[in-house]
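Heads up: the structure comes next, in structure tokens.
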Amino acid sequence: MAAAAATAASKGNGGGGGRAGAGEASSSRKKKGPGPLATAYLVIYNVVMTAGWLVIAVGLVRAYLAKGSYHSLYYSIEKPLKFFQTGALLEILHCAIGIVPSSVVLTSFQVMSRVFLIWAVTHSVKEVQSEDSVLLFVIAWTVTEITRYSFYTFSLLNHLPYLIKWARYTLFIVLYPMGVSGELLTIYAALPFVRQAGLYSISLPNKYNFSFDYYAFLILIMISYIPIFPQLYFHMIHQRRKILSHTEEHKKFE
């Protein structure tokens with residue numbers, strides 16, 4: 001899930017590192033882009049996803065203004081959040097059929113980790129939905145995805161404003177740690193409820209002679225952040241320097 005938080009920068013996240021979910025071409029090497037039909041589809045997909053995350057952002061702001069508090073804002077955007085985050089599963093298909101030049105395995109991991117957090121943790125453990133940590137990762141994801149999908153849209157149209165490019169390769173500096181913190185705190189908050197209810201756990205004996213401890217599985221996921229987070233974060237810092245410095249050099253010669 002740490003990888004999923006990385007959509008903000010070199011992801012293509014987002015996030016920010018490896019996921020090029022819907023149409024980002026590498027700046028370091030020239031690749032043949034998708035055909036006209038695929039490009040039209042990807043533009044539509046990215047516009048819809050940008051609009052969807054904007055709906056989530058507006059929903060958060062409206063709920064905050066109405067309530068006068070940031071507590072429990074998740075309920076005001078729960079449905080669109082689930083819909084548009086689950087809609088990112090199409091990005092795996094984009095990679096699989098070749099209209100986006102990204103790793104199917106990496107994209108699958110990054111997309112599924114977010115979908116897992118939404119459905120297998122936040123949705124399944126109702127008690128955590130009012131936690132402030134949920135709002136933390138929701139805000140980080142929202143800003144990241146609005147930036148990322150806008151970036152893809154303008155890139156596909158060959159008209160990328162520098163501000164959007166700068167935002168994609170800069171905002172992750174704050175958003176990535178913010179999102180990861182929210183994810184970890186949410187999983188941690190879910191642990192006692194998962195253990196008490198035996199959620200998704202399978203005990204022996206059973207006819208399949210198989211056991212699964214969902215509580216231990218969530219702990220392992222949390223531990224996995226330790227090696228993944230620093231590696232991705234510093235990789236994105238490196239990508240930012242390379243891409244933005246290249247842009248600045250290009251401007252000097254114009």
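Cβ atoms here come from the backbone N, Cα and C positions, even for glycine.
Any TrEMBL annotation is an automated prediction that lacks curation.
According to TrEMBL, the feature compositional bias 'Low complexity' maps to 1-11. Among the features that TrEMBL reports, compositional bias 'Gly residues' is placed at 12-21. Positions annotated as region 'Disordered' by TrEMBL: 1-34. Per TrEMBL, transmembrane segment is recorded for 42-65, 86-109, 169-194, 214-234.
Stretch with the largest number of CB pairs closer than 8 A to the transmembrane segment (169-194), among 42-65, 86-109, 214-234: 214-234.
Note on the transmembrane segment (42-65): residues 22-23, 34, 73, 76-77, 80-81, 83-84, 87-88, 90, 94, 99-100, 135, 138-139, 142-143, 145-146, 149-150, 152-153, 156-157 of its chain, located 6 or more positions outside it, place their CB under 8 angstroms from a CB of the stretch.
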